[in-house]
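Have a look at the structure below before the remarks.
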Amino acid sequence: MYRVSLRDLSNPAKAMVPLAFWSLEIGVGEALLTNLKLLLSVHDLAFEESFTNIYTANSLQKQWYSVLGNHDYRGDAEAQLSPLLTKIDTRWLCLRSFIVNAELAEIIFVDTTPFVKSYFQDPEDHIYDWRGINPRKHYIANLLKDVECALRESNAKWKIVVGHHAIKSVGHHGDTRELATHLLPILKANNVDFYMNGHDHCLEHISDTESPIQFLTSGAGSKAWRGDVKQLNREGLKFFYDGQGFMSVQLTQSNAEIAFYDFDGKILHRWNAFKQFGDHSSI
């Protein structure tokens, strides 16, 4: 789980107005997965059991934006995307791919599960709900065009892309080759600041060695995989934690602060980037 907060400080007077502060929750997939129980319909009690009745704190009573994860496709994916769930809990919004424009930042949510070939070629015992996806190559090609167009036309100070699968990770699943091949070049060419994901049940921060992109994994809001790590000496690795936790992002016109927390709210890792007008981010 991620929390993103944005404050417009371009005008000191405006910065004092409460509406200048905007906060949201980002879900990187599988938010409705409880004890491997999948959402099977819009009437499934799993929605309230794993979302409404869990995130009850006052600080979490705000809009949630979510994408689908690979496990979500093993249930009723169409149900999770249904506006009927938003009627049950108005905080919930889940779409395949979409854009949230907050002026200061543009957040592009990408449906990454269809990129992974093995889910189609070697699904093992799993049955995936591919309604709305096939033909796969056509779906991916159109999605990549949409992402590239949105990033190219964006004038936002900060560009953020969100997906379920990691592009770069030292966790259990490691890098997602299909995303590194097809999506990453688009992110680099369009000066994306952050790529945020889940999938690996850990917390990690990797700085790209060829661009300013920061790869941020926050997949430990529930289950964590202790000791499941591939390469702690990987170049660009800033932080890795194999326990439960979450992360937050706070943005202003000139500053981004990333913080990772453990289960008890203790800060484990903090990182800042700064921008001047027209500049790309720098540490």
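The first residue you see is number 1, and the count goes up from there.
Using the three backbone atoms N, Cα and C, a Cβ is placed for every residue, glycine included.
Curation does not apply to TrEMBL; its annotations are automatic.
Feature annotations, reproduced from TrEMBL:
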DOMAIN    58-202  domain 'Calcineurin-like phosphoesterase'
BINDING   Asn70, His164, His199  Fe cation 2 binding site
BINDING   His201  Fe cation 1 binding site
Is Asn70 (Fe cation 2 binding site) helix, strand or coil when read with DSSP?
coil
Please determine which of the binding-site residues listed here (His164, His199, His201) has the lowest count of neighbouring CB atoms within 10 Å.
His201
Which state, by DSSP, holds His199 (Fe cation 2 binding site): helix, strand or coil?
coil
Can you check what DSSP calls His164 (Fe cation 2 binding site), collapsed to helix, strand or coil?
coil
Other CB atoms, at most 10 A from the CB of Asn70 (Fe cation 2 binding site):
20
